[in-house]
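Visitor: According to TrEMBL, the protein carries these features:
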BINDING   106, 108, 113, 152  Mn(2+) binding site
DISULFID  31-46  disulfide bond
DOMAIN    58-206  domain 'Cupin type-1'
SIGNAL    1-22  signal peptide
């Protein structure tokens, strides 16, 4: 009996889909990133020689400086700072917030994020694809999760500094800040796209672009 075409392709397509959506298993003990290599691959090429320093980072020990426009500072501990994380699928960050500080709405296209509050209190939230805001106030010792790819934020509405340790299921989760992505892209997003999308005038668009332009 001859199988219909959909059935004939079902098994190989199912196999291909299963292979492409899952992170591959390691094929060796370690693959320490060669950050200086000019070879472009999905991730980083492996160094032939490595040391304990490739697996070490002390950058999260001290608070980051928050004397900036947003009143927050993200200190990343990803593969770009810890080459030994290459192919391991994990990374961390420390986020510090001044009183009133904001980690503005952003997404991580390659990772789910989980934050653990080590100081202070934060108002946090994410927005679903149905435009539902899921928000909560979290304090020291508590945890909140931001699902992969969804827009989210953290705001310190307290009168004292706050800080979290954030964990990601990616060696390099990537970050797209919504405002900066739209109003500070290079080349710039056309004004007529932004005026129509946000229902504002060209003057307002140019004003926002000037404020968000890299200093």
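Glycine residues also receive a Cβ, built from the backbone N, Cα and C atoms like all the rest.
Note that TrEMBL annotation is computational and uncurated.
Owing to the predicted nature of the structure, the values given are computational and were not obtained by experimental measurement.
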Visitor: Roughly how many Å separate the Cα of residue 108 (Mn(2+) binding site) from that of residue 31 (disulfide bond), to the nearest whole number?
Guide: 24
Visitor: Can you name the residues of this chain that are 6 or more positions from residue 31 (disulfide bond) yet have a C-beta less than 8 Å from its C-beta?
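Guide: Listed in sequence order, they are 44, 46, 86, 87.
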Visitor: Please give me the CB contact count at 10 A for residue 46 (disulfide bond), counting all chains in the structure.
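Guide: Around the Cβ of residue 46 (disulfide bond), 17 other Cβ atoms lie within 10 Å.
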Visitor: How do the residues of the domain 'Cupin type-1' (58-206) split into helix, strand and coil according to DSSP?
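Guide: Helix, strand and coil residues of the domain 'Cupin type-1' (58-206) number 22 helix, 58 strand, 69 coil.
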Visitor: Taking the Cβ of residue 113 (Mn(2+) binding site) as centre, how many other Cβ atoms lie within 10 Å?
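Guide: For residue 113 (Mn(2+) binding site), the 10 Å Cβ neighbour count is 23.
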Visitor: Give me the count of other Cβ atoms within 10 A of the Cβ belonging to residue 108 (Mn(2+) binding site).
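Guide: Cβ-Cβ neighbours of residue 108 (Mn(2+) binding site) within 10 Å number 22.
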Visitor: A 10 Å Cβ contact count, applied to the binding-site residues 106, 152: which residue has the minimum?
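Guide: Per-residue Cβ counts within 10 Å for the binding-site residues 106, 152 bottom out at 106.
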Visitor: Using the recorded Mn(2+) site (106, 108, 113, 152) as reference, state which further residues of the same chain have their Cβ within 8 Å of the centre of those residues' Cβ atoms, listed in sequence order.
Guide: 107, 126, 146, 150, 151, 173, 175
